[in-house]
Amino acid sequence: MKLNIEIIRAEHMGFCFGVREAVDEVHRYVDMNRGQIYVLGMLVHNEFVIEKLLKKGVIFVSEEDVLNNNTPLKSGDIVIIRAHGTTQNVQKKLLEIGVKLIDMACIYVKSARDQVVIWEQRGYKSVFIGDKDHPEVKGITSYGIKPLIFGSLDELKQAELDINEKWVFLFQTTYNRFIFQEINDYIINRFINYKVVKTICGATHQRQSAIEKLAQEVDAVFIIGSEQSSNTKKLYQISKNLNEKSYLIENNDDIKKHMLDGVRKLGVSAGASTPEELIAIIENKIKELED
């Protein structure tokens with residue numbers, strides 16, 4: 001029986017500028033035959049993208065291995081820093097080795113780490129709201145002087161920070177914009193001498209607003225991307241809160257026919273690290289299930 005599903009894409013979805021630029025740069029260096037290309041950490045949190053680069057001979061090295069001198073890196077090698085950026089210590093170590101560094105950290109990440117330095121030089125103590133284990137957060141906060149990191153509004157409240165201190169508050173670039181507003185309201189009502197720096201990137205804002213609208217207009221939603229991707233998971237959380245039939249889809253194997261039972265309009269969105277090629281593959285799989 002034909003399902004006859006209308007696939008409706010979110011107005012904003014998929015690769016953001018920073019991710020596209022980082023991925024394109026790695027492919028460009030490989031295609032130029034400039035020798036072995038190394039990438040520091042996961043270039044982006046998407047297995048589909050990483051697999052394609054591995055097939056082209058790109059070698060990924062971890063930050064831990066760099067710090068422990070456990071890599072094949074030598075002077076003159078090309079190392080590309082991922083879109084999430086890296087820590088000061090790792091960057092310093094790479095420069096000591098003598099590699100050629102290509103910094104493809106997203107412009108919003110670079111801006112956030114600059115803001116940490118600027119406001120601390122003005123006498124403010126920095127507070128960063130985000131996932132302390134995320135590479136972006138580790139990288140940005142490494143530029144501060146013992147910055148405090150909180151994962152949620154509850155954690156911030158429990159810390160009972162001195163309201164008489166000078167505080168600057170920054171956020172992970174992919175932070176949920178709706179939760180940001182709650183935290184911002186709390187800061188305004190509690191603190192006296194503070195600065196809130198809006199470090200959430202424009203692409204994140206666009207994608208979260210788009211899925212908020214779409215989830216309420218369709219019968220079910222597929223969010224395409226990796227479970228390792230912070231921004232993808234946040235899109236899924238926003239969608240799930242508005243539409244119970246929301247699913248996080250990493251690849252074709254995640255699509256089950258029961259997900260489409262009774263569905264006439266299917267919304268599709270994708271994380272900022274999800275390429276158009278993968279989105280097309282998923283959509284083709286849906287069309288196959290219709291036949």
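Positions of Cβ are set from backbone N, Cα and C atoms, glycine also.
Going by TrEMBL, these are the annotated features:
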type     : residues                                     : note
BINDING  : C16, C106, C201                              : [4Fe-4S] cluster binding site
BINDING  : H45, H84, H134, T173, S229, S230, N231, S273 : (2E)-4-hydroxy-3-methylbut-2-enyl diphosphate binding site
BINDING  : H45, H84, H134, S229, S230, N231, S273       : dimethylallyl diphosphate binding site
BINDING  : H45, H84, H134, S229, S230, N231, S273       : isopentenyl diphosphate binding site
ACT_SITE : E136                                         : active site, proton donor
Where the record names H45, H84, H134, S229, S230, N231, S273 as binding dimethylallyl diphosphate, the maximum Cα to Cα distance in Å: 15
T173 ((2E)-4-hydroxy-3-methylbut-2-enyl diphosphate binding site) in three-state DSSP notation: coil
Proximal but sequence-remote residues of the same chain as T173 ((2E)-4-hydroxy-3-methylbut-2-enyl diphosphate binding site) (Cβ under 8 Å, at least 6 apart): C106, Y108, V109, A112, E136, T199, I200, C201, T204
Cα distance (Å, whole number) from C16 ([4Fe-4S] cluster binding site) to H45 ((2E)-4-hydroxy-3-methylbut-2-enyl diphosphate binding site): 13
Helix, strand or coil at H134 ((2E)-4-hydroxy-3-methylbut-2-enyl diphosphate binding site) [DSSP, three-state]: coil
Inter-residue Cα distance where the pair is C16 ([4Fe-4S] cluster binding site) and H84 ((2E)-4-hydroxy-3-methylbut-2-enyl diphosphate binding site), in Å: 13
Least buried by Cβ count (within 10 Å) of the binding-site residues H45, H84, H134: H134
Neighbour tally for N231 ((2E)-4-hydroxy-3-methylbut-2-enyl diphosphate binding site), based on other Cβ positions within 10 Å of its Cβ: 26
Assigned conformation of C106 ([4Fe-4S] cluster binding site) - DSSP reduced to three states: coil
